[in-house]
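Quick look at what TrEMBL annotates:
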type	residues	note
DOMAIN	1-130	domain 'CMP/dCMP-type deaminase'
BINDING	N42, V43, E44, N45, A46, S47, Y48	substrate binding site
BINDING	C53, C88, C91	Zn(2+) binding site
ACT_SITE	E55	active site, proton donor
Amino acid sequence: MNTQSLINEAIKARENAYAPYSKFKVGAAILMNDQTVFTGCNVENASYGLTNCAERTAIFSAVANGKGSGKIEAIAIVGDTEGPVSPCGACRQVIAEFSDENTKVFLTNLKGDVAETTINQLLPGLFSSKDLEV
Ligand SMILES: O=c1ccn([C@H]2C[C@H](O)[C@@H](CO)O2)c(=O)[nH]1
Ligand SMILES: [Zn+2]
């Protein structure tokens, strides 16, 4: 799947966002290394802190569908932001869990801005499974 198609999947997923509190809808789409695609949206809660972001929804969906041993080839995230949307710290760490140095991260918005980055740029010095090896 090409980048624009992945971004379009994220835009579609964003429509399903459950964001009655912030009204800030976010969509994410991930292309796994086996070429399967999973999408997610943010899901808020009256107990605000229980909110799950779009990126984590997409990744948890992939894992729930048997892709936990796979890697993310590309992820597209879209919000209605001035510039490309910026993933929160929790999502950066969760994206890192299923990424490698080749994972492409596309930060986008509804205006069509696209910024390509990497997990190492988003989360330098990240904690990973390597740190658990003794
Ligand atoms: O990258 C982001 C940033 C924010 N949100 C959600 C969380 C919350 O529902 C709303 C406002 O923070 O946007 C995401 O899903 N992804
Ligand atoms: Zn997040």
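Cβ coordinates are placed from backbone N, Cα and C, and glycine is handled just like the others.
Predicted automatically and left uncurated, TrEMBL annotations should be read as such.
Take the Cα of E55 (active site, proton donor) and measure to each of the binding-site residues N42, V43, N45, Y48: the nearest one is N42.
In three-state terms derived from DSSP, E44 (substrate binding site) belongs to neither a helical nor a strand segment and is classed as coil.
Candidate binding-site residues: N42, N45, A46, C53, C88, C91. Those with a Cβ under 6 Å from ligand 2, in sequence order, are C53, C88, C91. Close to ligand 1, meaning a Cβ under 6 Å from one of its atoms, are these of the binding-site residues N42, E44, N45, Y48, C53, C88: N42, E44, C53, C88.
Note: the CA-CA distance between V43 (substrate binding site) and C53 (Zn(2+) binding site) rounds to 7 Å. Most other Cβ atoms within 10 A: among the binding-site residues V43, C88, that distinction falls to V43. Applying DSSP to the domain 'CMP/dCMP-type deaminase' (1-130) sorts its residues as follows: 44 helix, 33 strand, 53 coil. For the residue listed as 'active site, proton donor', the number of other Cβ atoms no farther than 10 Å from its own Cβ, over all displayed protein chains, is 29. Listed in sequence order, T51 are the same-chain residues at least 6 apart in sequence whose CB falls under 8 Å from the CB of N45 (substrate binding site). Least crowded of the binding-site residues (C53, C91), judged by neighbouring Cβ atoms within 10 Å of its own Cβ: C53. Checking each of the binding-site residues C53, C88, C91 against E44 (substrate binding site) by C-alpha distance, the shortest gap belongs to C53.
Ranking the binding-site residues N42, S47 by other CB atoms within 10 A of the CB puts S47 at the bottom. Taking the Cα atom of each, A46 (substrate binding site) and C88 (Zn(2+) binding site) are about 20 angstrom apart.
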